[in-house]
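Listed features, source Swiss-Prot:
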- 1-12: topological domain 'Cytoplasmic' (TOPO_DOM)
- 34-98: topological domain 'Periplasmic' (TOPO_DOM)
- 117-138: topological domain 'Cytoplasmic' (TOPO_DOM)
- 160-164: topological domain 'Periplasmic' (TOPO_DOM)
- 186-213: topological domain 'Cytoplasmic' (TOPO_DOM)
- 235-243: topological domain 'Periplasmic' (TOPO_DOM)
- 265-276: topological domain 'Cytoplasmic' (TOPO_DOM)
- 321-339: topological domain 'Cytoplasmic' (TOPO_DOM)
- 361-367: topological domain 'Periplasmic' (TOPO_DOM)
- 389-402: topological domain 'Cytoplasmic' (TOPO_DOM)
- 13-33: transmembrane segment (TRANSMEM)
- 99-116: transmembrane segment (TRANSMEM)
- 139-159: transmembrane segment (TRANSMEM)
- 165-185: transmembrane segment (TRANSMEM)
- 214-234: transmembrane segment (TRANSMEM)
- 244-264: transmembrane segment (TRANSMEM)
- 277-297: transmembrane segment (TRANSMEM)
- 300-320: transmembrane segment (TRANSMEM)
- 340-360: transmembrane segment (TRANSMEM)
- 368-388: transmembrane segment (TRANSMEM)
């Protein structure tokens, strides 16, 4: 086995272990933020939505800067620094009793993510061969789902005692992850050339096809982020207990572990990437619309199942399509900019979703936020269809598994 092949194989295992630690640390804390501050402390949902939206926008909106810096200086220092900064954010969150302190903790957490997320994504593109990326992204998503359940279960159990224990556990996991990267991650360069920061950013911004694709995904993310805000609140409201939230993530884990990899393997040779993304988005949009009209957990969990199935179809295709469009000369910059859609969509989804949720309650129209999200999903579906029409899209992008 050549040294390059050996490095790729070892790199896969490193990425999987690193991803599990990050997912556990994140999901111990974030799914419980809305439960803690809305249900237990009585804050308005929009106040928590601002905090979550701020974290999302800082982490993803500034991702191009984190990616460009990583292109220049390498992945390791950015990843280690970012993970320690997120740990500090979680520690601050544990003592948050005023909105401004929660916002500050989410700012720190998001800034840490800005530093470590783009270089981690670029390492996947660097180490995984193009023909294997779709399946590897599916494996990462399966890990995400399993880690989400384990993290949510652990966080829910700790929340019975003290929210500070929840935040301390998340902080410790990110400190362990920082030490893991500091010890084992080689000083790899992300790009094929040592790209100056401004050059990497210029290369991305001049790629109109990539920019259009990323901005279009903002609508997709407005729906996707509700698993952190409105869906947990809805489950808690109907069940009457935050303990039921863990079953929401258990559903996601079961569906992901059983369907993600088989669907990715089956569809990658039969359907184009953008068609898989659009099909998943359509299922997600259709499942959102009736949520505000359900009256029991069985109906709600059925719709959540449909939503997660749409995500299972869409997510591997979205990640693979983003990676396939990245220029190898500026991988970090491209993967950083690819998060801008999540920054915009996530911020609007959190803040707007929280505002609409409060408004729906005030007007006695609980279906209002869910109907709006469904409409946004349909508009995004049409926009993607227009962008990837045969007349507009180069043939190479449209091939299955491209």
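Cβ from N, Cα, C; glycine included.
Residues 220, 223-224, 226, 234-235, 238-239, 244, 271, 303-304, 306-307, 309-315, 317-318, 321, 360, 365-371, 373-374, 376-378, 380-381, 384-385, 388 of the same chain lie 6+ residues outside the transmembrane segment (277-297) yet bring a C-beta within less than 8 angstroms of a C-beta in it. Contact between the transmembrane segment (340-360) and the transmembrane segment (300-320) does not hold: fewer than three of their C-beta pairs are under 8 Å, each pair 6 or more apart in sequence.
Counted over residue pairs 6 or more apart, the CB atoms of the transmembrane segment (13-33) and the transmembrane segment (139-159) come under 8 Å in at least three pairs, which marks the two as touching.
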